[in-house]
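Per TrEMBL, the features are as follows:
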{"type": "COMPBIAS", "residues": "337-348", "note": "compositional bias 'Basic and acidic residues'"}
{"type": "DOMAIN", "residues": "7-713", "note": "domain 'Major facilitator superfamily (MFS) profile'"}
{"type": "REGION", "residues": "337-363", "note": "region 'Disordered'"}
{"type": "TRANSMEM", "residues": "44-65", "note": "transmembrane segment"}
{"type": "TRANSMEM", "residues": "72-90", "note": "transmembrane segment"}
{"type": "TRANSMEM", "residues": "96-119", "note": "transmembrane segment"}
{"type": "TRANSMEM", "residues": "140-157", "note": "transmembrane segment"}
{"type": "TRANSMEM", "residues": "163-183", "note": "transmembrane segment"}
{"type": "TRANSMEM", "residues": "561-580", "note": "transmembrane segment"}
{"type": "TRANSMEM", "residues": "592-612", "note": "transmembrane segment"}
{"type": "TRANSMEM", "residues": "618-637", "note": "transmembrane segment"}
{"type": "TRANSMEM", "residues": "658-679", "note": "transmembrane segment"}
{"type": "TRANSMEM", "residues": "685-707", "note": "transmembrane segment"}
Amino acid sequence: MNGAVLVALAATIGNFLQGWDNATIAGAVVYIKKELTLDASVEGLIVAMSLIGATLVTTCSGSIADSIGRRPMLIMSSMLYFLSGLIMLWSPNVYVLLIARLLDGFGIGLAVTLVPLYISETAPSEIRGSLNTLPQFTGSGGMFLAYCMIFGMSLMTAPSWRLMLGVLSIPSLIYFVLVVLYLPESPRWLVSKGRMVEAKQVLQKLRGIEDVSGEMALLVEGLAVGIEPSIEEYIIGPADELTEDQDLATDKDHIKLYGPEEGLSWVAKPVTGQSSLALVSRQGSMVQQSVPLMDPLVTLFGSVHEKLPDTGSMRSMLFPNFGSMISTMDPHVKDDHWDEESLQREGDDYPSDGGADSDDNLQSPLISRQTTALETVVPHPHGSTLSVRRHSSLMQGNAGEGVGSMGIGGGWQLAWKWSEREGEDGTKEGGFKRIYLHQEAGPGSRRGSLVSVPGGDIHEDGEFIQAAALVSQPALYSKELMDQHPVGPAMVHPSETASKGPSWAALLEPGVKRALIVGIGIQILQQFSGINGVMYYTPQILEQAGVGVLLSNFGIASDSASFLISALTNFLMLPSVAIAMRFMDVAGRRSLLLYTIPVLILSLICLVIGNTVNLGSVAHAVVSTICVILYFCFFVTGYGPIPNILCSEIFPTRVRGLCIAICALVFWICDVIVTYTLPVMLNSIGLSGVFGIYAIVCVISWIFVFLRVPETKGMPLEVITEFFAVGARQAAIAKHE
């Protein structure tokens, strides 16, 4: 875990620089307009130039990040920060200053867009939310430290705005060094480009373990999301429960499941009829929602989290009685069967950059790799089978052997199933499916064999478990068998298609469209919920509370008092963000939003009352101050970090950068609209009217979250995107019925 945490901390320096810049320009502009004698329009343009730059760069940052990687874009962000800081330090006139602010905006746009994406793709599922709250914390911390610096410089005889802005180059240089020397490329992006050796090495460093085969297989499968998705229910037991006189042929309903490790297999009996599992039963009634207008996805996601383990551990909660589906192989045993990178030595044209590390020393995270390895694929005469190579068995992973039992996060396990069926012409056709398994009930009965266990009739003292499964087409196919009916589960990494980069057509897939509705909607509502308006008037409100008068008694000028007040306000945010980090992966994103948005509504309503009803100067100041503090603290606990966290989680790997860029573009456009319409609204409807509109938007936000935003805590990114595909397919089926 330490590797992922340190990488996330290094990446979030980009958000620290964003907060630093926001504070320094707010202080420096006071002295810029005095020295350069600027009118209001040019003053506003200097402040807004970074917003314009961020908006412009966001239009292309996602697609470029999907093409060349996340790390190069973060390096570019640090370079833009550094260059803009040097130019602002030199700025001889307003035109040069505007160019520097534009470059600074480019750096901000890249950091704000890509840091949450990068953290989500490198962090373990169980702490992904906490780590993705770090950008909010570092951003607030950057603003606090910058305001402290500006306050100190404002006490000087002749404060230098160039120095205030130019200091940005110092932390940006540190950011550049850390990104270049320490930050690895995202393993999900590496897998999407077929660079499996690098991806495995990065995962080993991030997780601090040698065996990352299960997660490697998960990342490969994440390249193909939502192809004919469905939810099924199984009763699962060890494959060795079948005795010699029993065979899968005795019951055509039985199938075999295969884990990412060699030789690991299980027997599964599909449960028919009315399901007893929350996940499956809710999926079956997705169209008949108890709450009108609620997206069935919300209910479907919620049914999973009712069963999630409370420990937050990465250790698998599935198959607790007989080991993990992902177990550690003998490190001294070499595997000649890897992925597409080993094919290069055999003359195939798959891309590879294996380097000095030999693929022969790597253990395969995949099932048999290609058709030339048919000696490892032994079709069963009666139906489903895979070869069991070497002596790996389900019982590996028993306590006391020191064998890892890490799943793919949140109580989920990855497996595959292979089955044969007769075609219309009498020939046998193979069917290969990917399965994400989630334990939904207690262990079952062990009565001789799984064949004798009827669906649902199990005893809780045995070694069979009930599991719900997300089932869909796998990403792994053999190049030679792509246009044929495969005769066995032989496959390779789909790098030929994955490495082509994101496709705009993928945005039209039903699951991606539903995710975009959630991402774009929550970004719009966050910006119109009032954060910019409340932040803009914080110094004024706190001065009304008497803080300014108190500071003036200590000989502090009004400008310096305003900076100190802003610093104190940002300081109050830090404990609130720390609370959000603590509960983001415990209570969850959806719950934090549903509990914190009502406090925002109440705070805004109190501000409206305070500005319309004559409460007296003292009471008005006290009420306003309390409301502003509550608003800020609860905003950064929920509505501040969560939209970016959600947007980094709900899109498939192949278009994640592109979709996040679309959501970020909406964010910046709304930011510009709110910033420039605020003075107009103040002149037309007054401060109470503005706060009233913000309160109404917060009410709409709560309704939107309740009806449309699912809970994603603890779930692997690939499982989240699969759920969106399932929900979209079910909705389409219901629509045509």
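Glycine too: its Cβ is placed from the backbone N, Cα and C atoms.
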Chain residues outside the transmembrane segment (72-90) and at least six past its termini with a C-beta under 8 angstroms from it: 11, 14, 17, 61, 64-65, 96-97, 99-101, 103-104, 106-107, 110-111, 114-115, 118, 162-163, 165-170, 172-173, 175-176, 179-180, 183
Chain residues in Cβ proximity to the transmembrane segment (44-65) (below 8 Å; excluding those fewer than six residues from its ends, i.e. six or more beyond): 21, 25-26, 29, 32, 38, 73, 94, 97-98, 101-106, 108-110, 112-114, 117, 501-502, 657-662, 664-665, 668-669, 671-672, 675-676
Cβ contacts the transmembrane segment (658-679)/the transmembrane segment (96-119), at least three under 8 Å, sequence gap 6 or more: yes
Other parts of the chain folded back onto the transmembrane segment (592-612), taken as Cβ under 8 Å at six or more residues beyond its ends: 529-530, 534, 580, 583-584, 620, 623-624, 626-628, 630-631, 634-635, 637-639, 642, 686-688, 691-692, 694-695, 698-699, 701-702, 705-706, 709
Mean of pLDDT values spanning the domain 'Major facilitator superfamily (MFS) profile' (7-713): 75
Winner by Cβ pairs under 8 Å against the transmembrane segment (96-119), considering only 140-157, 163-183, 685-707: 163-183
Stretch-level contact, the transmembrane segment (163-183) and the transmembrane segment (618-637), CB cutoff 8 A, at least 3 pairs: no
Intrachain residues whose Cβ lies under 8 Å of the transmembrane segment (685-707), provided they are six or more past its termini: 291, 293-295, 298, 521-522, 525-526, 528-530, 533-534, 537, 590, 593-594, 597-598, 600-601, 604-605, 607-608, 611-612, 639, 678
